[in-house]
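To keep things clear, I will list the structure first and then write my remarks on it.
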Amino acid sequence: MKVLLLTGLGALFFAYYWDDNFDPASLQGARVLLTGASAGVGEELAYHYARLGSHLVLTAHTEALLQKVVGNCRKLGAPKVFYIAADMASPEAPESVVQFALDKLGGLDYLVLNHIGGVPAGTRARTPQATRWLMQVNFLSYVQLTSRALPSLTDSKGSLVVVSSLLGRVPTSFSTPYSAAKFALDSFFGSLRRELDVQDVNVAITMCVLGLRDRASAAEAVRGVTRVKAAPGPKAALAVIRGGATRAAGVFYPWRFHLLCLLRRWLPRPRAWFIRQDLNVTAAAAA
C-alpha cells in the first residue's frame, strides 16, 4: 500500500512539473534583485534571467566573483545588469542593497533570496556569537530585505522567491543552528503569505526547497558527512525560476524532496530511516 501511495504521488508531481504554464516571455524586462549571485545556484539563476531578458541587480559577498557573473550576464543578453557587493552578516547591508536596486531599476518585480552562510556539516555553532551570525545571514537578513522591498513589490504585484533547503522542512542530524535558521524562514514566509492574503496584497511568495548546493563550498562543508549528491545547478535554478514566474507556492528540487516532507508527517519512522542512510554518522560525530 505504501509503495502504491508513493508511486501515485510521484506521478502527480511529475504531471505538475510538466504542466506549470511557464511563459518565458513573462520575464522579459522584469526587474530582479538576486542575492547570493556569485556562485552555484545563484550564478545559474543570474544566467537564466539574463537569457530571458530580465533587468538585474546582483549581490553577493565577493566583488571579484560578482564582476565575472555580471560580465557573463551581459554576454548572454541582459539589457541591464548592476551589482553591489554586500556582507549579509552586517545588519546595515540588506537595506542598502534594496535601496541600490530601487535606484538602479526604478522598482522591483522579483526579489530572489538565495544567499547562505553556514558551518561545516557535523559541527555546531559553539558560541552564542556564532549562532547569532548564522541567524543574521540565513534568517534576519531575509526578513530585512523583504521588509524593505515589500512596498515596491506591492506596487508591481510582484513576487518573493525564497531559496531554502530541505533542512528547513525536515530536521536532520549535525546541522542544528543552520536547520533552525531554515525552519525560521519557512515559518516567517508562511505566515507572511497568510497576512498578505487576508490584506488582499497581490504579492506571491514561492518557497523553494533544494538539496545540496552544486558549489565547491557546499561540497567541502559536507565532505565525509553525507552521501547525498549535489543537484545540478542549472536545472535547480530553472526550477526556481519556473516556480517564481508561475507564482507557485512551493518548488521542490529534486521532486522527491516533496515526498520526504510528506513522510515527515505521515510516516515518521521511514523518514528517519531515509535520512540516516544519507549520513556518515561516525564522521559527523567526530567533527
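Cβ coordinates are placed from backbone N, Cα and C, and glycine is handled just like the others.
The following features are taken from Swiss-Prot:
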- 1-15: signal peptide (SIGNAL)
- 36-62, 87-88, 114-116, 178-182, 211-217: NADP(+) binding site (BINDING)
- Ser165: substrate binding site (BINDING)
- Tyr178: active site, proton acceptor (ACT_SITE)
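Shown on the structure are the features that Swiss-Prot records.
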residue : record                       : CB count, 10 Å
Gly36   : NADP(+) binding site         : 25
Gly42   : NADP(+) binding site         : 26
His48   : NADP(+) binding site         : 20
Ser54   : NADP(+) binding site         : 25
Ala60   : NADP(+) binding site         : 25
His115  : NADP(+) binding site         : 22
Ser165  : substrate binding site       : 25
Tyr178  : active site, proton acceptor : 26
Lys182  : NADP(+) binding site         : 23
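Within 10 Å of the Cα of Ser165 (substrate binding site), the following binding-site residues from the list Gly36, Gly42, Ala60, Lys182 place their own Cα: Lys182. Annotated pair His115 (NADP(+) binding site) and the residue listed as 'active site, proton acceptor', C-alpha to C-alpha distance, rounded: 13 Å. The secondary structure of Ser54 (NADP(+) binding site), as reduced to three states from DSSP, is coil rather than helix or strand.
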